[in-house]
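Copied over from TrEMBL:
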type: REGION; residues: 23-61; note: region 'Disordered'
type: COMPBIAS; residues: 50-59; note: compositional bias 'Acidic residues'
type: DOMAIN; residues: 101-273; note: domain 'Yip1'
type: TRANSMEM; residues: 120-141; note: transmembrane segment
type: TRANSMEM; residues: 161-185; note: transmembrane segment
type: TRANSMEM; residues: 197-222; note: transmembrane segment
type: TRANSMEM; residues: 228-250; note: transmembrane segment
type: TRANSMEM; residues: 257-281; note: transmembrane segment
């Protein structure tokens, strides 16, 4: 049996004295799991570099990848699959609109605003609003230009809605599809090219069209010089968003191919804006022309035939 002295309990207050006497003794500290550890300073310059990456949009961290990976993917025939494309709030949409209106050199629109949660809600409604803004403004512009003319008879042109919808939605979907296919093809040739998903490209193109909504409303002003100044401003803002977004995706490619890609993107964007202005606002209208009267001999001949 163990001796009585071996089974003797010691007071915890004597622990400090025992540790002081045996300085070589190894101690184990058991902390409360609920206690939060104090912040330990990291390596010098680390936090500043992370902040620079976040400001420049170069933070392709694992945090974004984990957030994207945590989203459960539903089958494409279910409602939940398409619901994820519209899972955004008002603040996110407003922030992306603000980013499309205020492009900053060195900042990537996809990495700053879109990559965590690309959506179709903003692009769909921006395109729909732009369609009606172009059609209504085109009719009002035509009415104001010929207002006061005795021979002018105003007829609403509802065909402008369908034409504007076809042009805007075709541009917002077909051009991103072609660009996405081109980037995928070049990515197979050059492995270090930055790749964007099709949804991200559609999101960029959709939000880049927002500036044309107030521009189309201001196109009502019956002055061609003012209209062309407005379209150049809108083209410069939205074109710079597209150029600064897709330049990192092609800059590692062949120099000529990279420049040709960016130039093609800007030219197609210019074709959309200039084409809408020229067709819906500056095209000559035939409604205000007087109806031609028949010549006297034609009127007699028509009467005999009847």
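Heads up, the Cβ atoms here are built off N, Cα and C, so glycines get one too.
Caution: TrEMBL annotation is automatic and unverified by curators.
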Legend entry - Stretch in 120-141, 161-185, 257-281 most in contact with the transmembrane segment (228-250), if contact is a CB pair under 8 A: 257-281
Legend entry - Intrachain residues whose Cβ lies under 8 Å of the transmembrane segment (120-141), provided they are six or more past its termini: 85-86, 88, 93, 96-97, 156-158, 160-161, 164-165, 168-169, 172, 199, 202-203, 205-207, 209-210, 212-213, 216-217, 219-220, 222, 276, 280-281
Inset, instruction - Please give the average pLDDT for the domain 'Yip1' (101-273) in this predicted model. - result: 89
